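Undergrad: Not my notes, these are from TrEMBL:
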| type | residues | note |
| --- | --- | --- |
| DOMAIN | 68-471 | domain 'SLC26A/SulP transporter' |
| TRANSMEM | 95-114 | transmembrane segment |
| TRANSMEM | 173-191 | transmembrane segment |
| TRANSMEM | 198-218 | transmembrane segment |
| TRANSMEM | 252-271 | transmembrane segment |
| TRANSMEM | 335-359 | transmembrane segment |
| TRANSMEM | 371-394 | transmembrane segment |
| TRANSMEM | 406-428 | transmembrane segment |
| TRANSMEM | 434-455 | transmembrane segment |
| TRANSMEM | 467-500 | transmembrane segment |
Amino acid sequence: MEEMVRCQIKIDRPMYEHDQLRKDFDYNKSKSNCSSCQNCSDTTFKKIVLRTIPILEWLGHYKWKRHFVADLISGFTVAIMHIPQGMAYGLLGNVPPVVGIYMAFFPVLIYFFLGTSRHNSMGTFAVVCLMTGKAVLEHSHPSFFSKKLEVNVSNENPHIASVPDLYYSPIEVATAVTFTVALFQLAMYALRLGAVSALLSETLVSGFTTGAAFQVIASQIKDLLGLSIPRHKGLFVVINTLRSVVQEISTINYAAVTISAVTILVTFLNNELLKPVVAKKSSFPVPIELIAIVVGTLVSKYCNLEEIYHIKTVGEIPSGLPEPSIPPLSLIKSIWLDGFIIAIVSYTITLSMALIFAQKLNYEVDANQELLAQGAGNIFGSFFSCMPFTASLSRSTIQQVVGGKTQIASIVSCSILLFVLLWIGPFFEPLPKSVLASVIVVALKGMVMQVTALYKFWKFSKMDALVWLATFLTVVFVSIEIGLLIGVIMSLATIFVLSLKPHTCLLGSVPHTDIYIDISRYNGVSEKICKFASIRNILQAVEIPGLKIFQYCGGINFATRNTFKTELLRLVDINPQKELIYRKKLTKYADEVKPVYEMIAKCGLLDHKSSIRTFPTIHDAVECATEIFTINASTISTIMSYGGSS
């Protein structure tokens, strides 16, 4: 490997203190966010409209000849994925399968106008559907989940004769959750809280989604094995589900097991063996999930699997679009916590995926605008029997890989799904639930394999690994909500603990340069620079006589002031207060970030009576201190560096 060519740096400038530097270069303090908001009145109405409805800006510049064909192919491909995933994740949310297809149509229309991500494929997402399904199970009457029960989602007020009117149907609960999620997301948009997703770190999200994937798999065991077991809710759902499976294992339906095994095997082999080969020759993937549900539907219909082998099927799927209805607002007081958690999780996942594609393809995503797009989409979807919609990594990746350029692909997908809803939906009524459960399990492979990320987090940071492990175990064995809470608390605790122990050190000067480095970490010049050991020892970084250059890499506040004081006394080996009073010690602050300087000025430490002086670089402070030291040898000077870089 060739060595880098070393360039020489020659600098000739006067020594600066901060006050002089500010005067010479006309320093102006940057305005805060609150101050900048005062200028909103100067913003034109046109800019506000374009910012709020992004399609008005980008659609006029859309390159129809170059991009439309690519968006057309991408939209068709994603629509094919929406059909099996929508039906499968609809069942995961304890609502009729067709609801999953509604989610890929109604709210996506709104996101097309308001969203800023060009490649997010919005619709169903396993974790969000599972969380919604939990709320549906807790607030719907158990009679709605009986074996022969079907809910007609096309009715304005879904009802069942055997259930009193005071109970809510699964669709009513799901739409109430969606409406609540929308309210929280719109409130966050109004308060400009797009950065709230930063509370959910990569470590936390990885542990949370991995644990949720295991929850999803546990919920599908009954359909994979053809068992009739009660639906568990509350805490320890996975443990209770596994206990019920063991208790009912003697009633296993071997026909359902066979269907599940064949579907999983074929789908898995396609994804692992056939898909990579096809990807080299064509960007259009093999729609194995759609093939699986079509074949499963035909076999079930013509072999009469429901009657002969007692296979559980999807059941009634209404044709046409659902009639709009207002969600039961009286439910909000009971489900607001579920709605808040789902709003945060859904937004974080969607924004994370949007940022991945934006960074990869070099375009901008507005975090606050994404809140508006999701909130408005969920408001609209709640009137049409939809659960909260979220971006899917698998569909979004396909949308981008196949060649999708903009959200025009989503409109193409919606057009195809509209055709399915109007005429093709009832075709899937004989579809075995074991096929949909198998599709879900295979689709979760990527999330399950995130278990291997624990080693990566452990290698880089033991504390991050503990956050991941605690979040994962709590989500799997206790509950999703408590797992998320534990993850957030531990993440914040990690930040707090790390801030209490910032890195501190003493810096030494590299001879004949303006470079100052940690004397405890740098032992001298390497053999590559100089072959002579005697010269290397002379050229090592050393402390300047009479000077202590103390570097502090962290913030100073009420929680860290004692740490700062202790580390300063330990490394400098003097008592600053006594030195200031009795020995006229001169303290210099060098290379600090601008907010530090401004805070020092606010505290009145820069007046003529103070012994504190500030400099833009460490080298300026050293040169100044050296001059003073040569004039007055009795003066001892300490230089403090902030910001973590020198």
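Just so you know, glycine gets a Cβ as well, placed from its N, Cα and C.
In terms of burial and nearby residues, how do these features look in this structure?
TA: Sequence-distant neighbours of the transmembrane segment (198-218) (same chain, 6+ residues past either end, Cβ-Cβ under 8 Å): 92, 126-127, 130-131, 237-238, 241-242, 344-345, 348-349, 352, 440-441, 444, 447-448, 450-451, 453, 457, 464-465, 467-476, 480, 483-484, 487-488, 491-492.
Within its own chain, the transmembrane segment (406-428) is flanked in space by residues 55, 58, 62, 67-68, 71-72, 74-76, 78-79, 82-83, 87, 97-98, 101-102, 104-105, 108-109, 111-112, 115, 117-118, 121-122, 293, 297, 314, 317-321, 399, which lie at least six positions past its ends and keep a Cβ under 8 Å from the stretch.
Listed by sequence, the residues of this chain that lie at least six past the ends of the transmembrane segment (434-455) yet keep a Cβ under 8 A from its Cβ atoms are 84-85, 87-89, 91-92, 97, 126, 206, 209-210, 212-214, 216-217, 220, 223-224, 226, 256-257, 259-260, 263-264, 267-268, 271, 289, 292-293, 296, 311-312, 314, 393-394, 465, 468-469, 472.
Long-range Cβ contacts of the transmembrane segment (467-500) within its own chain (Cβ-Cβ under 8 Å, at least 6 residues beyond either end) map to 127, 130-131, 134, 199-201, 203-204, 206-208, 210-212, 214-215, 234-239, 337-338, 341, 345, 451, 453-454, 457, 554-555, 559-560, 563.
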Undergrad: Of the listed stretches (95-114, 173-191, 252-271, 335-359), which one yields the highest count of Cβ-Cβ distances below 8 Å with the transmembrane segment (371-394)?
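TA: Result: 173-191.
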Undergrad: Which sequence positions outside the transmembrane segment (173-191), separated from its termini by at least 6 residues, show Cβ-Cβ distances below 8 Å to it?
TA: 93-95, 99, 132, 135-136, 139-140, 325, 327-329, 331-332, 335-336, 338-340, 342-344, 346-347, 368-369, 371-372, 374-379, 381-383, 385-388
Undergrad: What same-chain residues lie close to the transmembrane segment (95-114): Cβ under 8 Å, and 6 or more beyond its ends?
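TA: For the transmembrane segment (95-114), the sequence-distant neighbours (Cβ-Cβ under 8 Å, at least 6 residues beyond its ends) are 52-55, 79, 82-83, 85-89, 120, 122-124, 129, 133, 136, 150-151, 153, 170-171, 174, 314-318, 322, 369, 372-374, 376-378, 380-381, 384-387, 389, 407, 410-411, 413-414, 417-418, 420-421, 425, 428, 436.
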